[in-house]
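Worksheet for the structure shown next.
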Amino acid sequence: MIHARNLPFVTTLAIFVIAYGLCVLQFPNMLSTRVIGNLLTDNAFLGIAAVGMTFVILSGGIDLSVGSVIAFTSVFVAVMIGSFGVHPLTAFLAALVISTLFGCLMGAMIRYLLIPPFVVTLAGMFLARGAAYLVSTQSVPITHEFIDTMLGFYIRFPGGGRLTLLAMVMLVVFAVGIVVASRTRFGANVYAIGGNIQSAELMGVPVGATTIRIYALSGFLSGLAGIVYTLYTSSGYSLATVGVELDAIAAVVIGGTLLTGGVGLIAGTFVGILLQGLIQTYIVFDGTLSSWWTKIVIGILLFVFIVLQRTIIWYSDRRLAVRQLKEV
Amino acid sequence: MNWFTRRLRRLAPQLAALAIILGVISLVAPGFLTVSVQNGRLYGSLIDILVRAAPVALLTVGMTLVIATRGIDLSIGAVIAICGAVAATLISEGYPLPVVIAVSLGVGIACGLWNGVLVAVLDIQPIIATLILMVAGRGIAQLITEGVILTFNDDTFSALGSGALAGIPIPIYLWIGTALAIGLLIRRTALGFLIEATGINRRAASLAGVRARFLLFSAYAISGLCAAIAGMIVTADIRGADANNAGLWLELDAILAVVVGGTSLNGGRFSITASLIGALIIQSINTGILVSGFPPEFNLIIKAGIIIVVLTLQSPAIVTVFGFIKATRRGDKLNHGAKEATR
């Protein structure tokens with residue numbers, strides 16, 4: 001018997017497997033390792049950002065600044081390398097430090113000024129986008145030997161597919177995220193805060209430190225996603241990645257994480273990302289469908305999963321009530 | 001008179017902020033405050049602010065009601081794109097103007113009702129419920145325009161965006177008229193009061209006999225209606241429907257206008273007038289940065305800075321601290337008085 005809490009995740013996994021099966025029936029070529037390799041590489045930056053978003057949503061918050069932070073990091077890294085001739089590793093380190101501090105600051109505002117996360121990260125979104133415009137409003141290309149060797153590094157699958165460095169980074173982030181969420185004290189605290197912040201505080205969970213760490217983690221991962229995006233496009237552009245936070249939130253919800261916080265799995269987000277990537281790949285394979293169908297299908301999927309979540313909550317509440325009645 | 005001073009006290013911070021911002025801009029950019037009449041039409045930066053503020057101001061009216069019910073409507077930017085696409089399609093197919101306007105408004109209300117169903121009937125959190133239409137809406141708008149920027153040439157329709165009546169641009173009439181109509185409807189009846197009750201505690205309100213579900217429906221429907229009017233103004237102004245960029249991020253500007261206007265995101269007491277002044281503040285900042293010759297790159301970061309300052313000053317933590325200082329001062333005075341008396 002599957003636990004009701006894990007039902008959304010199992011449903012998503014089943015939908016993904018069935019959808020992939022149907023796609024393969026129509027286009028047998030979609031079963032190649034090339035398609036899978038590209039699926040992972042194309043969605044690497046989104047996946048990394050979505051891991052941070054999962055932690056934030058698990059704690060009952062939301063982070064709208066993700067897309068802007070990615071844009072800022074990418075343009076910052078590109079200008080550092082392209083215009084100032086800084087070594088890529090130094091630029092990456094600086095970008096990660098800035099984005100982590102930015103996340104810390106937002107977490108502190110949420111915790112100590114008691115402003116809702118939605119509003120704080122909205123202001124953060126404007127600030128990061130504005131900072132990106134300040135750095136440069138033009139698309140900045142980057143060429144550096146070190147980056148070329150980074151992009152040239154990949155593991156070859158049988159069948160011609162490539163597991164690129166970018167995809168590897170995403171997979172590592174997901175693996176670490178799963179361990180942190182399920183096996184560490186920090187992860188348990190995140191779930192506790194998302195379940196009920198007052199109970200968590202009374203139980204002695206360090207709510208302040210954990211909140212700041214959650215948003216710092218989201219900032220760090222957004223920064224990392226920005227670096228991956230820069231490598232992926234070999235350029236930095238301040239107008240890029242508008243609305244990526246919505247894609248990330250959609251992936252988290254489709255992956256079965258409850259938006260009220262406290263329930264969800266990092267692995268679910270991974271399947272959510274794959275499902276979004278699959279829709280895009282299918283549209284490319286089909287050739288007659290237009291790109292706007294991606295948005296509509298993701299909207300429909302969001303709707304289906306949210307209604308599913310509501311039904312599960314309603315059902316488990318009712319079962320709990322029935323049990324309590326019986327005990328009485 | 002008492003009513004008037006009470007209103008003024010409520011609006012004082014917003015009015016002061018608007019006055020300061022306008023004052024600073026007029027210091028930096030001389031000639032900012034002049035309004036001239038050319039070809040029987042008013043021109044000037046102040047008029048420009050009022051015209052450009054029209055879409056955000058319209059959205060703000062609906063958003064204030066939705067936020068007062070403890071909700072939020074993220075979809076209005078996408079609704080602008082959908083209604084703009086519908087209006088442009090109908091106009092270019094030669095339908096008469098009243099039909100075009102009626103259908104666009106109907107589509108806007110339908111979008112609002114969809115959100116209402118999710119929030120009021122299925123009990124989904126508003127931020128998530130409206131996220132669905134926010135993501136899918138632009139896709140739907142592109143479906144209607146078939147992926148192109150649909151342009152049209154119809155002078156009567158484009159007058160909605162760029163025309164003038166008795167010297168005053170038409171968008172100004174539209175947003176002030178809509179705000180007045182909805183404001184009077186809400187405040188001259190018990191509706192506003194009931195909406196506040198629903199926002200503060202929906203369950204208690206329902207138990208007290210308030211039809212909370214109906215109120216939620218109407219709040220989201222009004223929000224959709226306002227977005228439809230804004231969508232027509234935007235479309236008429238550029239004589240084309242751009243499914244990707246029409247109304248992009250305007251929902252965030254509207255939310256900020258409401259927050260700057262002092263309505264709490266936790267629902268309850270609201271003031272449409274204060275939210276509208278908030279919308280004017282945001283537009284003044286936008287226009288002011290352009291007029292005073294700053295590079296437009298500074299636009300967002302200055303806006304973000306001002307918003308963070310306003311949010312910090314309004315945040316519950318700071319308000320509690322201020323309240324505490326006030327209370328201790330009053331307490332000191334009382335203690336002092338008591339000591340004097342015993343002496």
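The backbone N, Cα and C atoms fix where each Cβ goes, glycine too.
TrEMBL: automatically predicted annotations, no manual curation.
The transmembrane segment feature in TrEMBL is assigned to A:6-27 (among others). Distant neighbours of the transmembrane segment (A:6-27): 254-256, 265, 267-268, 271-272, 274-275, 278, 281-282, 285, 305, 308-309, 312; these residues of the same chain sit at least 6 beyond its ends, with a Cβ under 8 Å from one of its Cβ atoms.
Annotated transmembrane segment per TrEMBL: A:39-58 (among others), in sequence order.
Within the same chain, residues 45, 49, 52-53, 90-92, 94-95, 98-99, 102, 106, 118, 121-122, 124-129, 131-132, 135-136, 140-144, 147, 218-219, 222-223, 225-227, 229-230, 233, 235-246, 248 sit at least 6 positions outside the transmembrane segment (A:64-84) and bring their C-beta atoms closer than 8 Å to a C-beta of that stretch. The annotation transmembrane segment is assigned in TrEMBL to A:64-84 (among others).
According to TrEMBL, the feature transmembrane segment maps to A:91-114 (among others).
Counting residues 6+ beyond its ends, the transmembrane segment (A:120-142) has Cβ neighbours under 8 Å at 62-65, 67-69, 71-72, 75-79, 81-83, 102, 106, 109-110, 113, 230, 234-239, 245 in the same chain. Summarising the annotation, TrEMBL assigns transmembrane segment to A:120-142 (among others).
Residues of the same chain lying 6 or more positions beyond the ends of the transmembrane segment (A:163-181) and with a Cβ under 8 Å from any Cβ of it are 37, 40-41, 43-45, 47-48, 51, 54-55, 58, 150-151, 153-157, 187, 190-191, 221, 224, 228, 231-232, 265-267, 269-270. Sequence annotations record features per position, and here TrEMBL assigns transmembrane segment to A:163-181 (among others).
Per TrEMBL, the feature transmembrane segment maps to A:212-232 (among others).
The transmembrane segment annotation in TrEMBL covers A:244-276 (among others).
Taken from TrEMBL, the feature transmembrane segment applies to A:296-316 (among others).
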Per Cβ pairs under 8 Å, the stretch of A:39-58, A:91-114, A:212-232, A:244-276 packing most closely against the transmembrane segment (A:296-316): A:244-276
Recorded stretch, among A:39-58, A:91-114, A:244-276, maximising Cβ pairs under 8 Å relative to the transmembrane segment (A:212-232): A:91-114
Surrounding residues of the transmembrane segment (A:39-58) on its own chain - C-beta under 8 Å, 6+ positions past either end: 66, 70, 117, 162-164, 166-167, 169-171, 173-174, 177, 181, 190-191, 194, 214-215, 217-222, 224-226, 228-229, 232, 241, 244-245, 247-249, 251-252, 255, 257, 259, 261-264, 266, 269-270, 272-274, 276-278, 280-281
Residues of the parent chain within Cβ reach of the transmembrane segment (A:244-276), under 8 Å, 6 or more residues beyond its termini: 5-9, 11-13, 15-16, 19, 39, 43, 45-47, 49-51, 53-54, 57-67, 70, 125, 174, 177-178, 181-182, 191-196, 294, 298, 301-302, 305-306, 309, 313
